[in-house]
Every structure is written in C-alpha cells, then in structure tokens.
Amino acid sequence: MKFYLVGGAVRDMLLGITPKDKDWVVVGATEDEMLANGFIKIAANFPVFIHPQTKQEYALARSEKKTANGYHGFEVNFSKYITLEDDLKRRDLTINSIAIDQNNKVIDPFNGQADLQNRILRHTSIAFIEDPLRVVRLARFKAQLSNFNFSIAEETLTLIKELIKTGELNHLTRERLHIEFVKALNNPKIFFTTLEELEALKIIFPNISCILLLIPNKSFFENPIYKDSNINEKITLCLLKVPQQKLDDIRKELLLTNKHYKLLKASIAISKILEDRNITAEEIFQLIKNANIIRDKNLFAESLNLYKKYLKVCDTITPHRNYQLLQTTINTIKNASINSLTIETIPKDKLRNTLKQLYIDIIKKQLKL
C-alpha cells in the first residue's frame, strides 16, 4: 500500500498557507489490511480511518459513478486496484487534484500547479457537472482564497451553465449548504456575489438574493477585527442589516442554529434602536421584548459588544443614539419590573398592559423620545 497527501492540504502548502488538517489517500489496500495495520475505522459505511499515532485521516482511493440526482447520487468503488489518478480525477478542481507522495514528490496529472500559479479555478474533469454541490464549493473556494484573487476558467463557467439547466441545484440539502456558508465566512460577500454571477444565487439562496446589497462589501471582511472574530460573531456581522421581517426566512435558508439566531436577532434589534431616528417607544419595546434582551443579560451584553465591533469595522455609520443610554434603559426596566409596581394590587387582566406601559414610559424618558 502507498500513502499520498492530497486535496486542500497540498493546495494550501503550495500557496504558502499552513494547512489546518491533512488528509491522505491510500492506494493498493483493502479495509482489512488497514485494520490489520492498526488504523481505526471512523465511518460505518465508508473506508475512512484514523492513523493510530498521528490521528490524521486516511481514506482508501476511490472512483465514483453518477447514478441518481443530487449530492448522494453516486456509486462508489473502493477497490484496491483504483489508482491515484483515478482518485484525483473525481475531485472538483485542478488545484485540489494534486498529491504528494512519501518522498515529497508532487504528483500533478491535471496541471493544478499551473492553475495555482495563474490563480485560476478550473474543473478537473467533465465529471464536475455530475455534482451540484461543486458549484457552491467553487464559490466557497473563491471566498476562502480571496487574498489570492482567483478567477474562474471560461470552460468551467460554460460547464456550470449546463449544470444549472439540468435542475440539479434544486437537490442540494440545507445541511450541506450551511456547511459551505460557514466555510465561506472568510469573505461571504465574495461567496454570494460569485453565486449571483454564476446565476445560481436565486436558486440556492433566494432570500439572500433579495438582500445581497445589505451584506457589507468585501473590504469589510478583510478588516482584522472581522477576521479575528469567532464563527457566531462573523455570522452576525455579515447579516446585521437583514430586515427583521426577513430574519426567519434567512434563518431557514442558512440553517442557522438557535445560538446564531438569538445573537443575530438581538444585534439587529440593537442596531435598529440606536440608528433609526423615527422609531417609537412602543417599537423599541417590541424589539427588546422579542429579542429577549431584558431577561437575558448575557445576550444583551454580547449583542451590544458585537454591535460596537460592527461600528469599528464599518466606520461610515454614526448611531443616532448612545448605546450607554440603551444600557441604562434596559437596566431601569429590569429594576422597574421588581420595584415600581405592587403587582398584588393590579387585576390580572390588566397586569400585562400595565407593565408594558411602564416599560414604554421608561423608554421614552431614558431615550428622550
């Protein structure tokens, strides 16, 4: 059996990037032989193994044959007679179809090194058209490698147009699209804009297509403050200007987690309260209530800090109101709900409206509305 370093790790090394993970392909081996050599299988229906010492992933070389629609519609062959070139040929782009053997020799049957040097994203083979996810991955690589300014090969653009006509993009799952979106957070504007240029955005992310202009420009995502943020923060910073009425649709489309959704919703509420000159006290009350930033002090603090971070990155926005006044308002409301009312003396059917009016009066006073 022979081992080859493949895929993104090789690409990144050739670009001068330290790879986060290293994936290996094994040629000339069976599953039983891998187990006999101490490798640990990690997938029930897929021959992927963990090296007993390095803990890196090793997969048997494979070929693929299209049998049905969608991302999973493939027949896979893991025979020990599959060659390295067979395995590399099934990969999406030439820059991902390069291998390095155990003697550090680069094996590049599809001229991926030339495309790396010329900053071109080019499909490895005509099989590119068989997997609709590859269109999304192409946009993701353009975003992920945005510092290198890759362009897409003309013949690949032509192939993508053919793929779109087949309707295959409609078979992509939200789970897979979420994974690609998160991986594209290095520069999501490039990710979505590339999909738009490929005429795929309206098919894959129709709601994002409607609010694309509200996502910051690509220079926003090149700011060190953004780059140093965690995934939860990056998602919120990217989508902070999404209208409240579109938020639930965006959540479903991007398959945002509860954590993502709560943080984004609270941050959007804070943004609107501080920036909207014409907002009313009742609208502010509904925003802070729906975003749960009265009860959840940690959520309020995290969202407010994230909004401050947004202002530092996007220095063209000047809030109409001081965030410290909002902080004082929230604290006053919390204390008022305990101290300013004798709840026992208020009829139950009037308690909710009485509390609501108290909060609105506090908002008016504190924010000078």
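First residue shown is number 1, and so on along the chain.
Glycine too: its Cβ is placed from the backbone N, Cα and C atoms.
Annotated ATP binding site per Swiss-Prot: Gly8, Arg11, Arg91, Arg137, Arg140, in sequence order. In sequence order, Glu180, Lys183, Ala184, Phe191 make up the list of same-chain residues 6 or more apart from Arg140 (ATP binding site) whose Cβ falls under 8 Å from its Cβ.
Residues within less than 8 Å, Cβ to Cβ, of Arg91 (ATP binding site) and separated from it by at least 6 positions along the same chain comprise Gly7, Ser97, Thr124. Summarising the annotation, Swiss-Prot assigns CTP binding site to Gly8, Arg11, Arg91, Arg137, Arg140 and lists sequence analysis as the type of evidence.
The Mg(2+) binding site annotation in Swiss-Prot covers Asp21, Asp23. In the three-state DSSP scheme, Asp23 (Mg(2+) binding site) is classed as strand.
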Residue, out of the binding-site residues Gly8, Arg137, whose Cβ gathers the largest set of other Cβ atoms within 10 Å: Arg137
Listed in sequence order, residues not in Gly8, Arg11, Arg91, Arg137, Arg140 with Cβ within 8 Å of the centre of the ATP site Cβ atoms: Gly7, Asp92, Leu93, Ile95, Asn96, Phe141
C-alpha spacing of Gly8 (ATP binding site) relative to Asp21 (Mg(2+) binding site), in angstrom: 8
Integer Cα-Cα distance in angstrom, Arg137 (ATP binding site) to Asp23 (Mg(2+) binding site): 18
